[in-house]
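Visitor: Straight out of TrEMBL:
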COMPBIAS  208-221  compositional bias 'Basic and acidic residues'
DOMAIN    37-109  domain 'UBR-type'
REGION    208-235  region 'Disordered'
ZN_FING   37-109  zinc finger
């Protein structure tokens, strides 16, 4: 094996720790927003939480069911689980009538949750079967629609996937068609041919300021009007931004998925007519910016940072004197160096590091530590 090959396969401890930290942050974003110790069932239909489907308990061909984070740990340990990322307005099914041979250990339940929404994702369809049917590789990007919350292959969306897709929300073509009023917003807020987003924001802000100014003027005028006239003015409500955008008549092709830029939800009209329309279609959540997965992930990251700030280990270190703290730091640095050397040997030989190898490494560390402690104890 050449030096070039050895160097290419060598992974430094810094790289390992950095990758581990990134994975922890990613997991914290999804999981820290959910309770890992208590079943979420008593909370009812949770606004957003991590959800799993258990193939062991509810295999394909049966009824779809989802379980919360805590139940995935306590009731389904060792089972074949499908990670569904997050779902909105979902209530934990663990142990209800859909599970013929399992009782929830955390929160016994019987009735099914009729308001839960399920899809083929609950049977791992997208992750396994669809890959085979479409002759795709597992590396093909999967993107979640923010309306139906189904996971879809990027190449099946009927539109170009932007480079910064993680910063945008996607609504699939099926959901756009069901909620056709969204095409008007898409023509102005999303896509290459849309009105520049910053311009739309300025226009709507100016409209809002104008509306506020007109409202104040109308309040002065209406103060001297009879009550019946006041009521008719109030019922008319604010101007409908959706109608104003429709009047501009900006065209866009009404096909394919739509990717929406950050902050687009705040641009949706909030007049009574539009609120009623979205409520009837079951998409009222679109006007709620806290409904986004990004908001949920940020909540999880903040919770994790708070938890780390209350870490008992860090609190214990704070109570140590300077000498004791330095001893621990030196000990950690020594172990880091030895672990790096240990991993480099495997990289140089092209071997895979097994759990048994790691276990032996730490056993050797403990044995060496005992010898050092014993020598210090018997030294004069």
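Including glycine, each Cβ sits where the backbone N, Cα and C put it.
Caution: TrEMBL annotation is automatic and unverified by curators.
Could you give the neighbours, burial and distances for every feature on this list?
Guide: Residues belonging to the domain 'UBR-type' (37-109) score a mean pLDDT of 90 in the model.
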Visitor: Would you list the DSSP helix, strand and coil counts for the residues of the zinc finger (37-109)?
Guide: 9 helix, 21 strand, 43 coil
